[in-house]
Amino acid sequence: MTEPKTPSNPAITRPGPNRRFSVAPMMDWTDAHYRYFARLISRHALLYTEMVTTGAVLHGDRSRLLGYSAGEQPLALQLGGSNVQELAECAQLAEQAGFAEVNLNVGCPSDRVQNNLIGACLMGHPALVADGVKAMLDSCSLPVTVKHRIGINGRDSYGELCDFVGQVQEAGCDTFIVHARIAILEGLSPKENRDIPPLRYEVVHQLKADFPQLEIILNGGLTDLDAMQQHLQILDGVMVGREAYHNPYLMVEVDRRFYADETPVLSRIQVLEALRPYIVAHIEQGGVMHHITRHILGLFQGLPGARYFRRQLSTEIHRTDQPLELYDRLVTDMTARMQSQDCSLQQA
Ligand SMILES: Cc1cc2nc3c(=O)[nH]c(=O)nc-3n(C[C@H](O)[C@H](O)[C@H](O)COP(=O)(O)O)c2cc1C
């Protein structure tokens, strides 16, 4: 396999973390527990927090919202908001908290956030996004990136997309993460908005051709590492959401393929073993094991025993008052299953 060429972006002013492969921000999914787990599988993938609104950061439980463990780095904070002053303050807090990047959400189609001028509806207000980005850049030295759609209903022409990117670029943003489908702001749920409008990768490729100096990251529907490497012939990075959650061991190839790092990786069983002390510490602090293990249900995706593993951690776990015992038994069971599978492969 030839190493894909790295598009050069001499114009990038604040390069920040390497964005060749990132895991998308996902509410309720990419919390600190998921990120700890994902980091056991890939040392290099850039991870994002769930979206946090500027209001929550400024008036809520800040230490929880901005808290993470050092091992999760490189880690970017995603903000939702459009109040310029609040965005500036939050960007400053992101820098103080040690994040590698601060990202603005211009892709979420939820009604709840639209009412507060947060998310995809901001694609209809490029000047406001530009002002917010400029304020963020002025208040911190972190790279500021924008995650957006290729359009929204009523504003979905390529010209309007270029107008959006052009105005935000003028404000100083040089990294754009593009979810390659429009968002429909009325009539579709956020979930439907991740599947129904068709993916249009060619639009993102065209954007890179028209703005070659920008770092353009592709998002939406990516599940296959070979296909991602093909996109990287043209684009600067790929961002993977649902596949990285439902099939997390996909990321075991990321360091070698995208970062040319040949460091030995952990097997699935070693990942489970490495996660155990983290679970123990969480339980000792009064936490519930399920809050961590709910994120690992897909670890054996595609292998014999995957359903058994999933069932133990999604159903049986609620029937026991000794969750760690269940975990240890499961590690033993899955080890035996993996070994017998290796044997049958060798005999075949
Ligand atoms: C459960 C869930 C929560 C999401 N939450 C966010 C979010 O907080 N911020 C955001 O920008 N996108 C969010 N998204 C969208 C993803 O970041 C991504 O753009 C989308 O899932 C398409 O990528 P994929 O096809 O690789 O999953 C969410 C997606 C899912 C499935």
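Quick reminder: no glycine exception, Cβ is built from N, Cα and C everywhere.
In the record from TrEMBL, residues Pro25, Met26, Met27, Gln78, Lys147, Asn219, Gly220, Gly221, Gly241, Arg242 bind FMN; the candidate from His59, His125, His179 listed for the same site is His179. In the three-state DSSP reading, Cys108 (active site, proton donor) counts as coil. Listed recorded sites: Lys191, Arg307, Arg310. Those with a CB atom under 6 Å from ligand 1: none.
On its own chain, Asn105 (site 'Interacts with tRNA') has Pro25, Met51, Gln78, Leu79, Gly80, Ile118, Gly119, Lys147 as residues at least 6 apart in sequence with a Cβ closer than 8 Å to its own Cβ. For the domain 'DUS-like FMN-binding' (23-324), the predicted model reports an average pLDDT of 96.
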